[in-house]
């Protein structure tokens, strides 16, 4: 194991995994030894048969030795089956564990990690890179151990036949080792380049498929095709570069082995004529030489596989060894009951890699059971407040309190159960309507679905769904309208209403009447629940008891709708601008306005 750590720091990450499957690997190695023992016996049987024919030429000798060879081949084939079953099977189990570990670790990582790593690249690591690592764990280990076993057994038996020829046979070994070492660095670098380029190409494919409607609406198909063609061309060129290096490596190995065999045939012929070795011995010697030839060629293949696997494991290790920046403290606070008071104290936020703050010295209090609104222009910091409230990020300065306790002291899972967020573009699974709602509560009965559907006014559209709750919504809810997607997301959040519910432009795609109906439906269930509305629509936010006005990352105003309207500040400007836009729309589309 220390050798692995020294030779390949990336592959040393697999040592604990190999340890968990050591029993299966040891059993596989036992079958590997038996496979090579039976294979090594066949040339010796040939030696015995050829030499016996010299003294007793008979059909009985031929049949006896032929039968022995067939029996050895059958037994060896069975051992080979068991060897592959145990060793390759173990590699599949290790791949299963590693993929689960990779996915589980992704779930623990913080939001800043996903800002740095594109989705397509992560998908490439979870599929292509994992397959390359599995090849090392299965065929790589199997052929490497097989090379050691077959070469060791062949050398011992060759030495028994003719020590001098055996000494000549091992002369190319140092040259082979030197060639392997020289090619290893080149293969590793080019393998890493191929894997990285595959991640880039996979990320573009994922983004284009997700944004296909935007591409078509802007008629950018040709542009995207050209961009993908360039990425694909780079991927092809890097693969060809890797193939050239591998081809040269295999050709070098084959040349060295072939030259060695030619020299041995020449020397062997001389020694047969001199009587130092029998014809049967020379036949067996060449048989063992043939047994060594494939393992050495396979060693080159294994080396290329290991270099690709090492590059892939290094990419996987970058993710597996990444640590979340947002974690629960050792003595985290848990609470079954939450009042719902949220306090921001002098909060500032600078995102990782950003040069300017998104929030500066923001302070306000949202009382228990209150309905408040947060309003502001695009980029004013509203979304940043939400990310801090559910602790996707921590403030650069200041602190945030829930029921008087700093968010950093809360258990993360407990905190996020207390604060529910419904976004304007909420994510829907490629599942049924019922499946999307039951994501929040897997045990929910159909009566529960009907209840939240009525609250979110999704019941108005149920007659449009041909299979009712079992209607599939497509990827990201593509078969639904914008308003339907928003209401499904709201209904999902209401399955288990949290003490604090944040609606981030959740009702933006709905008409004023439906908005008012939903807010009226929420009043009876609200009780002590704190409701935070984020919207540009004055008709919606004017219902709030307190309105917080954000501008360029700062809290510039707060108060009721009536108070803010009379101040002539930022909020008044927003009202005038929205009123003007509504008048312009009414003049442009008089029929719709009427």
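A Cβ is built for glycine as well, from the same backbone N, Cα and C atoms used for every other residue.
Range 165-185 is the one annotated as transmembrane segment, of 102-122, 165-185 (source: TrEMBL). TrEMBL assigns the feature transmembrane segment to residues 247-267, out of the candidate ranges 226-246, 247-267, 310-330. Within its own chain, the transmembrane segment (287-306) has Cβ neighbours under 8 Å at 8, 11, 39-40, 42-43, 46, 132, 135-136, 139-140, 143-144, 146-147, 150-151, 154-155, 157-158, 161, 169, 176, 180, 183-184, 187, 191, 246, 249-250, 253-254, 257, 261, 264, counting only residues six or more beyond its boundaries.
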